[in-house]
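Student: This is the structure I want to talk about, given as structure tokens.
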Amino acid sequence: MLKSIVQRGKIALGVVCALAMLGSVGACSSSAPQGASGSSDNKKILVIPKYTGLKYFDVSGDGAKEEGKKLGLDVQYIGTQDATANAQIQTITNAIAQKPAAMVVSAIDENAVTPILKKAQSQGIKVVTYDADADSSARTVFVNQLSYELAARTMLDSALKNDPNGGLVAFISASPSATNHRKHVEWMKKLIDSDAKYSKLKYVDTVQYSQDDATKSEEISRNLMQAHPDLKFIISSSVPTTAAAANAIENAGKQGQVYAPGFSMPSSMSHFVEDGTIKAFCLWDPAQLGAVSVAVADQLVQGKITGKKGEKVKVDGIGEFTIGDKGELNVDKPLTFTKDNISQYKF
Amino acid sequence: MKSFIRRYQWQEVLIGLLVIAVFIGTQLSPYFLNYLNLANSSVTFVPTALMGLGLFPIVVLGEIDISLTSTLAVSAVLYARCWEAGMPVVEGALISLAVAVVMGVVNGVLVAVAKLPSMAVTLGTMGAYRGAAYLIAGDAGINGIEGGYASLGSTWVGYIPVPVLVFAIVAFVIWVIMAKTNYGQYCYAIGNQAPAVKSAGISITFVKIVAYVLGAVTAWLAGVVWAGQYASARGDNADGTIMLVLTIVVLGGVSIFGGSGLTSGVVLAVALLFVVQSAMSLANVPGTTQTLISGLILLIAIVLPNLSRLKELIVKKPTTK
Amino acid sequence: MSSDKGNASNKSFGQQLSARARSAMKSQGAGVIVFLLLIIVFFSIFAPHFMSMQNVKNILFSAAVLAIAAVGESLVLLTGNYDLSVGSIVGIVAFISYDVCSKAPGLGYIVVIFGLVFGILLGAFNGFLVGYLKIPSMVATLGTLSVYRGLDSLYAGSREVTKNQIPHWVNVFAPSTFLGIPSYVWICLILCVVASFFLFYRPSGRMLYAYGSNPKAAESFGLKSPRIIFGAYTLSGLLAGFVGILMGAQVGTINSVMGNGYEMEVIAAAVIGGVSLWGGVGTPAGAMLGALVYACLDNGLILIGVNEYFRLIFQGVAVIAAVGVDAFIRMQSARFSTRHAILEVQA
């Protein structure tokens, strides 16, 4: 009886493998049949964040929609709250089906979204990435809030603002697949090693990952403070993590000894700035980022720019930008928040 | 005829819901009834659906496996590493398949031989395998996969995407195994804890181990499709999607206690979830509403059949002490 | 056979129940304690300052919140059911309680009560589904997991609850210590004592054990299973709501994804603590220790400086090892009590 089970199992597996291989070999065409491509006098632009429900992204979406209204476009902010690559790709797939003129995407996984973005491009949809890039072949322009070097410098500068005497730095990123975070950390390490301005800083080599989860971030921060008694700065590019780290500092009673000067939203951090736990932290204006991205996408659709190096992009009310290598456009308007200016910002 | 209707009761409910969903989909978005669109978006659903098919026999046995998503990740990154090393497709596929089988055997042995509760075992292996996937993938993962390695995930046969074909084939195979072989009968019997099983001399251990291996193999296939479709693989692939896989099985009418459930139910559940999700996505329904609706569908689907008990309760109350 | 029944009715039901409870406690308390000692020894050797006063307090603080949730979950597990909605209850209670209670100054004082009541309601709904509608628990709580999370997202939109909205007294209380031990730990200990008292000395508590270890026998004794299950879920909801309030204060910034995936950690902690997934075996103290093991692993691995990936592997292996040890011990004590039962029958 056992033999028959084994036999049947083997047959089943054999069938699967054979058919699978047949499928791959016998594929008649190597890519999907093309639907009606091209976007005509199309005013539709779809903005797709990594996932919705995170205040940072939703604010960028609001900025994008505002700019869309100014330019007379139909800008929609879409997506699911599922923070996985699979979910974002499903959103993008369904976005392509709606035949927009352009898509503005913050890639949750730079590699996984590349094939689907390339498909979008092949159907005449202009692809612009913002906040988090995909592969440069899959999009025309990447609107980067801060060049990676500037991002690193801004965070390190804000660290020194908290304590000019410098000290030990520990890094927390969202996840290994967050390209921008990884690049920020690379740059920060490089600058601390080589730039005289940051000579008073040292760093812990191992990077911790928080998955953008506030509870995890708080616990990691407390554990880091235990692991390194002389820790001075907990630096994170992740917005929820920096706020949680600030709270951890208060939970551990280490106000004035440890600081969390990384990227975060003024609304989350205002309490800590007011009671002096954090003297300075930084970010940029997410709404502004969204607005610039939409403006760039619109100009691409209208053919005013093509994404080549050296092209100038003018966005009314914000400024003029130049496209750099590999289609990267740096907005480069960092904001450092302190007690003096934090009340000006409403996000 | 009556027994036919009763046997497929759940499927009928699902088909009804499916029809309603399709209707709502057409009302919500003009892009819905477009074959190419649906075909394109179905491709991203396939890995999860494959895992659902793999989980099905395990649940029928009365066990569970929540480590399937981690097995997918290990398979995908290992497969991708083989591509990176320049190995021929068949070799890469076989190596990753072998590792997946080992992972299934580990689960199976812990559950069937050591007799540990499957929820705990697969909770443990879910984490352990995930860690292994990260270690194999490294921080950056592997990307740029193309050619033969990507064929199962990204090519089409005429107007049908290969992943969908793979799903159809696997669904057929699972149906054959569960409905037409002795092995399938043993699964149902063990799930029902029929005393006849022991006396018939069937090795429960063997049946369970095979089920876990089967599950791991579908997760491997899902990983191969994933790597091909996304042209990349990372340690966090499919992380956190096990609840959706469980939803597919539960929505498919498979009793979590084991002993019942049909392949057709699982397939219909996949279709229903796919249609609902596509309809909402094409209509750009806000993310918060999508989350709520997915939850409500599951809740309604599981409460509806049991509402008759509510009547029992209300009627019974005055007579009970 | 008839003499058997005679013996059974000679001992009062209560005595039988407490004997069972006592043996349950004895048979699985050992496993997690051994486990904990092993981990402590390991990290004391390899991690600097692991056993320092500061670090111990740190670990206890991290463990406290998870422990409370694990105690709640163990009540449900004892009846042979699952509560997968814990994470969603924690998230929605945290967000809505703090948000609502920040709308008017006086409300800040009742935020805890608000959270507890809210938790009770959510838990009661679970109890209703599983106990009265007889929906399998894994299925029912899978559904409520999504629905509660969905309601949370709908309510929250993209807003966050920031530290400013958390009442001042909560902010003062959360990091405070009493006699050198964090207040959160005191709360956890008190809750554990209360839960143990309830389970071992109150009839309704002992009924939980009796029902869990043998549902059919318990029902033939006249125990009303719907009520027991309903009660277990309501209490679990109460504790989960409490955890929401505590976690919100611990973290400072609350968004709608807080608690995502938490149920897995909670179940893992309970399982490591010797709570059997088949019902009827396990203690609140065990669940608490399981959470402690979890927190030690987290902390120790960061102190050593090990890659995050290894933490996943270690925790996964820990769960399996804990269950293995637990099964082994139960097998031994089953042999022991089988001999006793045989002796009783012969007497």
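A Cβ is built for glycine as well, from the same backbone N, Cα and C atoms used for every other residue.
Worth saying up front: this structure is predicted, and the values here are computed from it rather than measured.
Per TrEMBL, the feature transmembrane segment maps to C:29-47, C:59-78, C:84-101, C:108-133, C:183-201, C:228-249, C:261-281, C:312-329.
If you look at the structure here, what lies around each of the features I listed?
Tutor: Away from its own ends, the transmembrane segment (C:84-101) comes close to residues 69, 72-73, 107-108, 110-111, 114-115, 118-119, 122-123, 126, 138, 141-142, 144-149, 151-152, 155-156, 159, 161, 165-167, 236-237, 240-241, 243-245, 247-248, 254-263, 266 of its chain (Cβ-Cβ under 8 Å, at least six residues beyond either end).
A Cβ distance under 8 Å defines the sequence-distant neighbours of the transmembrane segment (C:183-201), meaning residues of its chain 6+ beyond its ends; these are 18, 21-22, 25, 60-61, 63-65, 67-68, 71, 75, 78, 173-174, 176-177, 208-209, 239, 246, 250, 283-285, 288.
Away from its own ends, the transmembrane segment (C:228-249) comes close to residues 64-65, 68-69, 71-73, 75-76, 78-79, 81, 83, 86, 89-95, 97-98, 111-112, 115-124, 126-128, 130-132, 161, 166, 170-171, 173-174, 184, 187, 191, 204, 207-208, 211, 258-259 of its chain (Cβ-Cβ under 8 Å, at least six residues beyond either end).
For the transmembrane segment (C:312-329), the residues of the chain that approach it from at least six positions outside its boundaries are 27-28, 30-32, 34-35, 268, 271-274, 276, 290, 293-294, 297, 301, judged by C-beta separation under 8 angstroms.
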